[in-house]
Amino acid sequence: MYSSRLAARLTLVTTAGKISALIAICIGGVVSIIRGVESELGSGFSGTRSDPSSMALAFYSALWAYSGASGITCLVEEIKSPGKNVPRSILTGFLFTLAIYVMTNVSYLAVMTRSELLQSHAVAALFADKVLQNISILIPVAVMISTFGSTNTIVLSTSRVTFTAARDGNLPDFLSYIQISQLTPFGAMTLTVSLSLLYMIPADLSQFISLAGFLDAFFEACTFVALIRFRLQTMKDAHRPVKIPLLIPILMSLVNIYLFVAPIIFKPRLEYIYVAASVFTGAVLLYIPFVRFGLKVPFYDKIVTCLQLICEICPPAKAGE
């Protein structure tokens, strides 16, 4: 598996390409506004629905767009001076992203109609055809670079969650094994890539975002509730390089509980019920027997040993070794 240093450098390059494309879109929108091009900026929010289910679905898409900030929290163990660098990175990155995303959407509405914006499967490409014309091909290229960069970041960050869970005994220990030469979590990264390819099978992107947001809301709620319990009960005196006010996890747990429950109660769909049922079924059929009681699949040790030899991986060193 590729090294963490190479992944970090790729992230810098692809982020620069993404930001350059967004700045070009913002400039094109500002120029269109200055020229007095007829737009629908004044009616951008007309027809908005405010029922609880629609608000939850809207939050799924919005949080998905800003979910990149969560990647840095998965890499705290590999960041120098996390107590300083993590809060600074999240704050500056979020504010910059918020500003450029708002300007990008304003630019879209300054050039395209609401129907074009909602119906297009490639909004940036349509904008480029209308504004950039002869160099419009640069925007699809930038989107491709952005997608590659996002994939790289997701594999880099989310695999660390699986790695840590396996290292702590909450997942099969094979997922915590690291590649000898690159020191990367091979098992966790393989699982992340495999599941990502599986999730790409459904063709409806909006449905995928909604289901992913639905699941994220559940796990985020569990995470914040666990954090509250650690702070108040089980790990009150633990060393914390980054410590936030307790009010924040309380509010975020309530918000995520709402995002998880609202679609089921106010606008139930079979997809949400299936996803919720699969989570709880997985907990009963997988976590309880194999993690809680330590049951093992026959020939598990032989299979893991064979994979160690083929993939050149080994268990991580324990603290103090």
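Note: Cβ is positioned from N, Cα and C throughout, glycine not excepted.
Under the heading transmembrane segment, TrEMBL lists 12-37 (among others). Here the transmembrane segment (12-37) has long-range neighbours at 100-101, 103-104, 106-108, 110-111, 124, 127-128, 131-132, 138-139, 142-143, 145-146, 148-150, 152, meaning same-chain residues at least 6 beyond its ends whose C-beta is under 8 angstroms from one of its own.
Nonlocal intrachain contacts for the transmembrane segment (57-77), taken as residues 6+ away from its ends with a CB within less than 8 angstroms of a stretch CB, comprise 86, 89-90, 93-94, 97-98, 101, 150, 153-154, 156-158, 160-161, 164, 206, 209-210, 212-214, 216-217, 241-242, 259, 263. The feature transmembrane segment is assigned by TrEMBL to 57-77 (among others).
Same-chain neighbours of the transmembrane segment (89-111): 19, 22-23, 25-26, 28-30, 32-33, 37, 39-41, 44, 65-66, 68-69, 72-73, 117, 123, 127, 130-131, counting only residues six or more beyond its ends whose CB sits under 8 Å from a CB of the stretch. Taken from TrEMBL, the feature transmembrane segment covers 89-111 (among others).
Annotation source TrEMBL lists transmembrane segment at 131-156 (among others). Within its own chain, the transmembrane segment (131-156) is flanked in space by residues 4, 7-8, 10-11, 13-15, 17-18, 20-21, 24-25, 28-29, 31-32, 68, 71, 75, 111, 122, 124-125, 189, 192-193, 196, which lie at least six positions past its ends and keep a Cβ under 8 Å from the stretch.
Here TrEMBL flags 177-201 (among others) as transmembrane segment.
The transmembrane segment annotation in TrEMBL covers 207-232 (among others).
The transmembrane segment annotation in TrEMBL covers 244-266 (among others).
If you look up TrEMBL, you'll see 272-295 (among others) marked as transmembrane segment.
Long-range contacts of the transmembrane segment (272-295) within the same chain, counting only residues at least 6 positions beyond its ends with a Cβ under 8 Å from a Cβ of the stretch, are 169-172, 211, 214-215, 218, 263-264.
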